[in-house]
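According to TrEMBL, the protein has these features:
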{"type": "DOMAIN", "residues": "122-253", "note": "domain 'Fatty acid hydroxylase'"}
{"type": "DOMAIN", "residues": "339-385", "note": "domain 'Alkylglycerol monooxygenase C-terminal'"}
{"type": "TRANSMEM", "residues": "119-135", "note": "transmembrane segment"}
{"type": "TRANSMEM", "residues": "175-193", "note": "transmembrane segment"}
{"type": "TRANSMEM", "residues": "338-355", "note": "transmembrane segment"}
{"type": "TRANSMEM", "residues": "367-384", "note": "transmembrane segment"}
Amino acid sequence: MAATSAAPVAPQVLSVSQRLRGMFYVLGPSESSFRGMEDVPDYVDQATPLFITLIFLEIVVKWTQKRHPSARVNDSITCLSAGVLSRLPDVLSRSIELSTYSYMWENYRLLKLPWNSPWTWYLTFLGVDFGYYWFHRMAHEINLLWAGHQTHHSSEYYNLFTALRQSLLQKYTSWIFYLPMALFIPPSVYAVHLQFNLLYQFWIHTEVISNLGPLEFFLNTPSHHRVHHGRNPYCIDKNYGGTLIIWDRIFGTFVAESDKVVYGLTHPINTFDLFKVQFHHCVYVWKTFWNTPGFSNKLSVIFKGPGWEPGKPRLGLVQDIPGVTGKETPFNPNLPNYLSVYSVIHFTIMLGFYIDLFATKSTLSQVTILMRIGYIILTLTAIGF
């Protein structure tokens, strides 16, 4: 009898309850432990309907509370465009975060913890969140890393659209901070928690929720994360936690929300241009590097904080941070209503192509994939303009 090849394993379809609990990190080890990487569901992809639902609910609640929208078309589409662009490399190759981790595990692991043990699950929960804290902190304290991370902070609004304003570059440095776990934590367990940690951070990007009482002591909450997105002097370089806020309390980077938070970068970029949103600080670092005298100073431009200058501390001076009045107005150029409607329709059509690209990528040639990616980037650039 001729041998037959095994059929590919169909991805696990999650129930609505599992998707919802995964987003809030309350899907326990009995439901989210898997033997191999190929068995791990794409929790982020399957949470997309929840993203849309929660965004809609936030808009309704905000309108009910304040009688004005929580988001504007131009900023919201820019956030979604950044999210789309950040995921396009995953069409061409496996995530670098998972590839490097798997390589480390296969070649250098010291210990093999059981994938189906609750202890392994909870240890990985802490490990991923601890790794995220230090990556996030370094992404604010090292200019080269900030060049990628600043994209997420460039919106002058704070809502669920902002959560999707992701960097194209960030994933190419964040993986370093998780590598030590590959010495003993199986990749399948790591892959689950990497997604849960990301999903949890979606819902905390809102002004609708004010305070969560006792949970504020140990969890990252909307209140804590609002501070992190603020450009008020008291907000700068604070509250780096992903799921837990305990790391900030331990390492001295925690501050509670007090004065009204003004969102965005300390020097607003005032643009919706897709590439400027992603790369404007890279250009700034490049120019500053060449204009700064002395080899040591040039290295400091790259590896010290964004506010560093010769003769200043590693992270710059607090007094150099522009003050805020609380009356700042976000960048919002007037456009005719028909152009806003057109932009939404064009973006929606592009989104259909984007979703189809991920659904059919295994059946497409490399040339077709590259052409579709080119179309998506061209569309997002045109809408940004």
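In case you wondered, yes, glycine gets a Cβ from its N, Cα and C as well.
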Near the transmembrane segment (175-193), which residues from the same chain, at least 6 beyond its ends, have a CB less than 8 A from one of its CBs? 32-37, 39-40, 43, 96-98, 100-102, 104-105, 108-113, 115, 120-121, 123-125, 127-128, 131-132, 134-135, 138
Looking only at the domain 'Fatty acid hydroxylase' (122-253), report the model's average pLDDT. 97
Can you count helix, strand and coil residues in the domain 'Fatty acid hydroxylase' (122-253) using DSSP? 86 helix, 3 strand, 43 coil
